[in-house]
């Protein structure tokens, strides 16, 4: 894929269309924010954020909230990203230590479902040392029910298992994964009809 930038761009648009619902419309950003950061601080780091659609949505819907919004991804992905006012793009491998310290939100959308637990723990543990006491990790993923799973979530679960040896996770599985990483879920916000949720996570 890195050798075919046009295909990379198409893949990014396809991934955005698969989950068209915008997280920030269902998450109380201002309530969670508390005291707003000043312009020199970081509001959100969008880890593995692709073309930055979710970061652009946050900036668009909260134009008066100060603080940097930074999208991190691999260089071959960012090469196809379109610039946006108020959103920065930075090359970063999420298996390496998080370089941005003290952000309010460290946001991961559809990152962890690509990986089995061992790699997910590695990804999350790169973030923890960068967190300030007021920082929160936001995990935007499918949380599948134990029974009555929507067909979209069931299909994605099988696809993740076949393609990446990974899975879509239940609430209990997410909780167990966070525990392995030294984290805990303190709040959760469900939205859309596919069991999508934002899990608010802090160190134990």
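Backbone N, Cα and C define each Cβ position, glycine as well.
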Of 25, 73, 179, residue recorded by Swiss-Prot at the S-adenosyl-L-methionine site of 48, 49, 93, 94, 109: 73
Neighbour-count leader, CB within 10 A, binding-site residues: 48, 49: 49
Sparsest-packed among the recorded positions, when each Cβ's other Cβ atoms within 10 Å are tallied, from 109, 113: 113
Between residue 94 (S-adenosyl-L-methionine binding site) and residue 113 (active site, proton acceptor), the C-alpha gap once rounded to whole angstrom: 14
Number of Cβ atoms other than its own within 10 Å, given for residue 93 (S-adenosyl-L-methionine binding site): 13
